[in-house]
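Database features, via TrEMBL:
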DOMAIN    72-138  domain 'TIR'
SIGNAL    1-20  signal peptide
TRANSMEM  39-55  transmembrane segment
TRANSMEM  130-153  transmembrane segment
TRANSMEM  173-193  transmembrane segment
TRANSMEM  289-308  transmembrane segment
TRANSMEM  328-347  transmembrane segment
TRANSMEM  359-378  transmembrane segment
TRANSMEM  390-408  transmembrane segment
Amino acid sequence: MAVGVSLVVAFLEAFHFVSCETCIRNIGGAVYITRESSLSFPSGLVAYCIILFSWQRILSLRGRSAMVFLDKLCIDQQNEARKERGILGLAGFLEISDELVILWSPSYFGRLWCTYELASWLRFSQLKDITVIPIHLAPVLLCIALSMWGTLLCYIEALTIAYSVAGSHTVELAGLFLGSLCITVGAILPTHISRHLAKSLGSLPQQLEHFSIREAKSFCCSHKHVHPETQKHLPCDRRLIFDMLEQWQYHFSDSRREYASSLDSFDFHVRQKLKPWILRNVGGAEAPFSLLLATTCVPFFCWTISYIPAMIELGGVPAFRLGLEAALYSIVFAPCVPKIILEISAAGVDCEDLGRCDLLYTLLKSTAFVGLTSLIWAGIHLPLTIPEHVGWQLASAAGLVALIIAIVRRPNCRFPRT
């Protein structure tokens, strides 16, 4: 939606329905003074914010909103009788669900009701129907997305000032410098948050290796079966869940462990079958490609759409070369940004202290991120300025496309394969 809005605004400016700003373009060694959309990017940003915060409400007006059962919200937390009926019906809700989404936190596998929900799902469903998302991944990706919007907005404004005060021979260097400066500032907060996401994921292998449902905590047992506010007696959830698992023993039994109890069978199932699958699909640098697209490709598309008036005005080879640069920024550079941030945040030795050393590690990893992205940025932009030879730009484009495929499809190395 945001890209569509930017596209409409850019074409309105290209065909003189809305006024455009002039800019300097160095294409193939020749300097062009042409037009550039000034409203496509901010209009895309406004549309993006509306969609981000109101999309479910918009879908509900058409009767198409997604149906989600979220136990914390869908089970009455105030009325004890209704709460008990909701808890006892968890298995029924899961049985008619299409997919189980686990919002993982470091305490997930140590909570009794979470493990019960997992056992209920694993009775009938396959592992491929489970999606495990670290709960802290959402703020990381949101921070990256908003940071990229802000970075590009600052870059556009700074470049506009540079065009007005610099000559045509220095504007390209000014653009590279301003781009590096803006992305350096914009990368600090996402890198810092991503580092703490990677730290929390460091406990996941040990949790799965030593998983035991007998050691999982429950609210009732933690408070000695007395409600801390009402002082009423709380029935033991542990006994209820263990009785249910006894009835489900067949679903978790293994021919090599014929005489194991239902609890041991479930522990074995989690350690031997669920653990390898989770460690292959979750990690400090792992995020679905669709999320990477929504994180940074949308801001870059809305930015590069501003090239459309210049491409229509120039035509021919200059327009092709400018369009190729815009495409590379959107489909090569943009997905690399969150992927590299997550990779660098999860890589290497990190610091456990939350003092000055913690900030130092963030700055060092931000510097490494800026260095890598600057190389990719230069690989996209500099071939555009090589006189006459379109082949250099095409060769560079092919190499960069291969690079993004290798980076995005790179297997997760946060955890060892088992």
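Just so it is clear, glycine is given a Cβ too, placed from its N, Cα and C backbone atoms.
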Counting only residues at least 6 beyond its ends, the same-chain positions whose CB falls under 8 A of a CB in the transmembrane segment (289-308) are 2-3, 6-7, 10-11, 13-14, 36-38, 40-41, 44-45, 48, 141, 144-145, 148-149, 152, 156, 322-323, 325-327, 329-331, 333-335, 337-339, 408
Per the definition of 3+ C-beta pairs under 8 A with sequence separation of 6 or more, do the transmembrane segment (328-347) and the transmembrane segment (390-408) touch?
yes
Its residues classified by DSSP, the domain 'TIR' (72-138) shows 37 helix, 11 strand, 19 coil
